[in-house]
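Asks: This is the structure I have questions about; it appears just below.
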């Protein structure tokens, strides 16, 4: 569970964010290709790709910064086909290998992509943070957490933006300067100083 942030005066952090997604295309078999023609797949939370290690290096910044550092590091190595991020250290892998449940680990496959015309957008996804609840925690369902900075509303904005960028994230809790991203907002409980917010997803046909 998260031990959700500092109390502060209510503020508004609920700007809508619109994402355009395209019709999925079959993923080709990963092969060594230039970094510009490779993509990093969706994060697989609490998952380790056991074995097949090439190298590792430390990462820093927000959770999305660390994902990008791992992704860029793997794409730069032609032999890298996946990575696992754990304890702020990125482990580059030749392949996804055996998926193993490890709390706090996040893994992704890095695959080759063929150069094809961009498909016409099939839908528009609108993500919005709303329904702030003060002195409330959503225990469990944790995805990742990171330290927020700035004043109370700035930290709420950082939590909101991070959650909206992960389509599996449906809520967050801010507590003691840390933002806890959640896959669900079930079983709210009272927690002094915690601030909980739901993140909604609306799909609009293009």
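Cβ from N, Cα, C; glycine included.
For reference, TrEMBL lists these features for the protein:
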REGION    1-38  region 'Disordered'
DOMAIN    47-93  domain 'Apple'
DOMAIN    136-176  domain 'Apple'
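Give me the lay of the land around each of these features.
Replies: Each residue in the domain 'Apple' (47-93) gets a DSSP state, and the totals come to 13 helix, 20 strand, 14 coil.
Counting residue by residue with DSSP, the domain 'Apple' (136-176) contains 14 helix, 13 strand, 14 coil.
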Asks: Mind looking up the mean pLDDT for the domain 'Apple' (47-93) in the predicted model?
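Replies: It averages 93.
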